[in-house]
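Data first, discussion second: the structure below is written as structure tokens.
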């Protein structure tokens, strides 16, 4: 049987004494945690070990260190390796850095109480858990006036920072104030939602506006962060830390945007640019419609339908230009007050920008809906009349195509309608194609904005920063390096921590968000475009996704 002893590097040069450690049951391994030096009174050591065991929940064992022979004492058992050959065959010393192992978290993370049906934790995971749960043992340092002296990773003095301690003391009243303000804000938001959900138009509008969705999302974050319940487990702690860092970075970016907007009169410049830009877009659309009403690309269109559709869309453009010029005196004020929303974070400003893009391009959306509905009506009409020629019909109750016999009058009317729809289809399809491309350009711009908001909301900044600054905190596994393998001596290995890959960190700790990705596959979206069904590829879902 091979006995593995995990030995901390900080105890390599320690004087002889009692080794405080923990046996790993079922693996033939022992984890050394600290050395208690001579002189000491056995009764005091026993009481100290009992206190530490009660505080940590670990069953501490004592290991007596002597140069030769090596004697292990645990639960009145004595294992004596008196010869060098036995030591070489049966004992392996694995040296580890105690501070890194105590602060690290081995992945995948196991939260909750393990089920008896599942496999027992591995030897390495139990070793990490033993060191992590032994933190009360490391409070004893050389500055204590007690009768015991010990060596561990904090024996030269507890690791602390005066600045960190002062910040902890100052954060108590600040956290109470923030919690009180958040409770008031949560109450106001829930009251508004209760009144909004009772009215269908307001509920529908709030579900479509990106600003309302982002406000609801941040309110949930603040409610979670202000909860007095401490985080249970590593996963929940990392989730709260990522929320807090994401919120702080979001607010910092928003304040930078505010400082840019309200400096050098940038808002007035944006307002003066917005109206001419809208006029330019309307002018380009007007020229596009004039081109479609002629002979676009040399195509022979149906003159009557072409003129009706062109004048219909030109009238909408005229209404839109009138609306823009009517709102032009208020645009600067809207931008001025809307820019203040960036104090809640850059995501609020981006969500507001997405809503403004949707409002400014509402006429393009109307053109797309009109063209899609007309094109879809003709496509489904042609498919239904094509089934009539083949003696088929669509059974609505059974949701299938059944055989059917038609008389001569029905076939004659069907032939006339099929001919009319078929010859009018190219004109309708051309208008539908042009306005669908314009709609897709707007959807692409809104998609980029929504993806930016999604990235800021869900990206685990704290976990990635921890991985870059202290990679040992997120451990994927360990690797061993041989320190001493001389004949006649025990094998000495050095255990080093393998950090998680950055991609795995992002995938593991990414926060769930209100996703704005397409709910259908690209093949389904192309099919919808072909048959003229309306698509909303970047709308927010009502459920969270990882």
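Cβ coordinates come from backbone N, Cα and C, glycine included.
Annotation source TrEMBL lists transmembrane segment at 170-189, 243-262, 308-327, 334-361, 367-389, 410-434, 440-464.
Looking at 170-189, 243-262, 334-361, 367-389, 410-434, the range that has the most CB pairs within less than 8 A of the transmembrane segment (440-464) turns out to be 334-361. The largest share of C-beta pairs under 8 angstroms with the transmembrane segment (243-262) comes from 334-361, of the ranges 170-189, 308-327, 334-361, 367-389, 410-434.
Within the chain, the transmembrane segment (170-189) has long-range Cβ neighbours (under 8 A, six or more residues past its boundaries) at 215-216, 219, 222-223, 225-226, 228.
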